[in-house]
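Enquirer: Just lifted these from TrEMBL, have a look:
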- R34, Q35, A36, G37, R38, D83, Y158, S213, H326: substrate binding site (BINDING)
- 29-38: domain 'Uroporphyrinogen decarboxylase (URO-D)' (DOMAIN)
- 146-162: domain 'Uroporphyrinogen decarboxylase (URO-D)' (DOMAIN)
- D83: site 'Transition state stabilizer' (SITE)
Amino acid sequence: MNKNSKTVKRLDDSLFIRALRGKSVERTPVWLMRQAGRYQASYRAIREKVDFLTLCHSSELAAQVTVEAVDSLQVDAGIIFADILLPLERIGRLSFARGDGPQLAKPVACSQDVDSLPAIDVEGELSYVFQSVSLFCKERPQVPLIGFAGAPFTLASYLIEGGSSRNFEKTKAFMFKESAAFAKLMSYLTDVTIAYLKGQAEAGAHALMLFDSWVGALSRQDFQRFVLPHSKKIFAALEEQPTIYFGTACGGMLDLFAESGAACIGVDWRSDLTNAHRMIGQDKAYMGNLDPCVLFADKDEIASQAAYILDQAKAAGGSHIFNLGHGILQHTQEENVRFLVETVKEYSADRKT
């Protein structure tokens, strides 16, 4: 039994968890991807003292920035502060250089590299993340917490490319030319991801999210062939938890995302929310999908665009959770983020009456 089962059971009545499960809610729940991050003065103050990986490794600091985001924005859920690449840290000698993004010094280049990948002791090597989850749940026991992981394809792309990529040439070439080795790599990462997400649930996370940041680089048929079976395996292993599956530039395969078994499908800003909901289906919750750049606009524009999304969701029906279509950008004004959350709460509550 989950050692935090009493807390988890109590939070089943929270707005966010009810919406994830497709139950009736009195207003639209709202939280924001990257709600703890560089746009916040409090976060920047911490980063002046420690680098990014040190912040991730410090359970106390990671829990602190998670709490501060929830308290500042008054959102309906927290998401634990971490990075999708943490499970790869020992495999690829992960580093984060300012302005360059994540770098892996030991990329996978051939089938022999896949064969030599080490076993990962998820419980031991990622215990600091599980401790961050536990600390947040202790600090804010009334707030649902989302644990998360990077999806196997996105992790594989970082391992093969050695970092970010525009066209993912190396990843796709490996996928097509070394299909058996690629399948083995995906299975390896799938098992790591399942263990990592289960560990967060056992530490107290109330919902689990899978980020497939780069899977939009694939065609629909290649997603079906190379990715979807592994996504299904992950969500089947997590069936006791409410789950979310999110990818960017995936508007043409949201129906396949819905086949994964996730309870909720995230939608980025490139997709019309009405069409997205039609593809996802009435039996799934859906989340999104304000363009993060709208938060650079004035408050009238922010309110107008938020209302448009909420009106679309009301007309489409089903269970909607408000979010951005991707993470909050670095130079966003904190005041605008708070205004967005307040607007969503007030407008959706009025629409429910």
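Each Cβ is built from the backbone N, Cα and C atoms, and glycine gets one as well.
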Enquirer: Can you work out which residues elsewhere in the same chain, 6+ from the ends of the domain 'Uroporphyrinogen decarboxylase (URO-D)' (146-162), have a Cβ less than 8 Å from its Cβ atoms?
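Expert: Contacts of the domain 'Uroporphyrinogen decarboxylase (URO-D)' (146-162) (Cβ under 8 Å, skipping residues fewer than 6 from its ends): 31, 77-80, 82, 84-85, 87-88, 91-92, 102-105, 107-109, 133, 168, 170-171, 174, 182, 185-186, 189-190, 193, 196-197, 200-201, 203, 205-215, 217-218, 226-227, 230-231, 234, 244-245, 247.
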Enquirer: Which of R34, R38, D83, Y158, H326 has the fewest nearby Cβ atoms, counting only those within 10 Å, among these recorded positions?
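Expert: Relative to the other recorded positions in R34, R38, D83, Y158, H326, R38 has the fewest Cβ atoms within 10 Å.
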Enquirer: Test of understanding: give the count of other CB atoms lying within 10 angstroms of the CB of A36 (substrate binding site).
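Expert: The answer is 24.
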Enquirer: Taking the Cα atoms as reference points, how far is R34 (substrate binding site) from D83 (site 'Transition state stabilizer') in Å?
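Expert: Their Cα atoms are separated by 10 Å.
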Enquirer: Could you state the whole-number distance in Å separating the C-alpha atoms of R38 (substrate binding site) and D83 (site 'Transition state stabilizer')?
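Expert: For R38 (substrate binding site) versus D83 (site 'Transition state stabilizer'), the Cα atoms are 14 Å apart.
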Enquirer: Averaged over the domain 'Uroporphyrinogen decarboxylase (URO-D)' (29-38), what pLDDT does the predicted model reach?
Expert: 98
Enquirer: Taking DSSP as the reference, which of helix, strand or coil describes Y158 (substrate binding site)?
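Expert: Helix, per DSSP.
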